[in-house]
Amino acid sequence: MKAPRSYLFVPGDRPDRFANALASAADAVVVDLEDAVPAAAKPAAREAVAGLLADERSRDRIVVRINDEATPWFDADLALVAEHDAGVVMLPKAERVATIARIRSNAPSAVVLPLVETARGVLAADALAAAEGVQRLVFGTVDYALDMDLQGELAASLGLDYPAARLALASRAAGLLPPVAGVTVAIADEAQLRADVERARAHGFAAKLCIHPKQVAAVHALLAPSADELAWAERVLAAADAAFGAAVQLDGRMVDKPVIERARRIVQRAH
């Protein structure tokens, strides 16, 4: 399976919504045991998620977001993913490699998506990215803004640049998939969604969390190369092929190995 571009959340205590989420175009479905589920509904949510994990038809697209280790629900969630062999586990409030190791010791076949949502998590990004079993980092922008008390649109926007860069750098250095951008909470605001995805792409992110199925198609389109980008990349590769891989000029600009590699990556993203 290609690296997911979209991760669609669905509350773990709403099994009536599971089918619709799985029928969406989302590359992955995040069944949430954490923020979307009230405390009183946690046990029922675990039962519903257990039933979903038992269905082999949907297992390869399921991500289980457990509760963080500081909560009274962490142990039960960990037992759930271990017993039902969840393939991908999202760890909220990720700050410690030891927590990832604990998940892996209980569920050795699971890969982990550390959800970085705090200042401590950002400063631990290098260690989290290098931890065994980690597939990619996820940036929880809403909770991070709360942790840092980023108030107002400008503060929240500028205050996310540094941690986003840290996560992208840590991911690249560790050889992980590019990180996943946080949610856009304004479901009907297409302009905001576009701005959020474009900013994430500029930081080196290659996927996004979604909170509604209607966001998925737009996210996929925005993460894909534009028609102009693809046309440029194809021209670069054609020129490079004609020059047998040697440096060549195109539109008055030198095309050498780094430019050719960038063009190849653009074409790969388009397919």
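Using the three backbone atoms N, Cα and C, a Cβ is placed for every residue, glycine included.
The domain 'HpcH/HpaI aldolase/citrate lyase' annotation in TrEMBL covers 5-213.
Residues or ranges marked as substrate binding site in TrEMBL: Arg65, Glu117. Taken residue by residue with DSSP, Glu117 (substrate binding site) is part of neither helix nor strand, so it is coil. Within the same chain, residues at least six positions away from Glu117 (substrate binding site) with a Cβ under 8 Å of its Cβ are Pro92, Lys93, Ala94, Gly140, Asp143, Tyr144, Asp147.
Among the features that TrEMBL reports, Mg(2+) binding site is placed at Glu117, Asp143.
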If you count Cβ atoms within 10 Å of the Cβ of Arg65 (substrate binding site), leaving out that atom itself, what do you get?
27
According to DSSP, folded down to helix, strand and coil, what is Arg65 (substrate binding site)?
strand
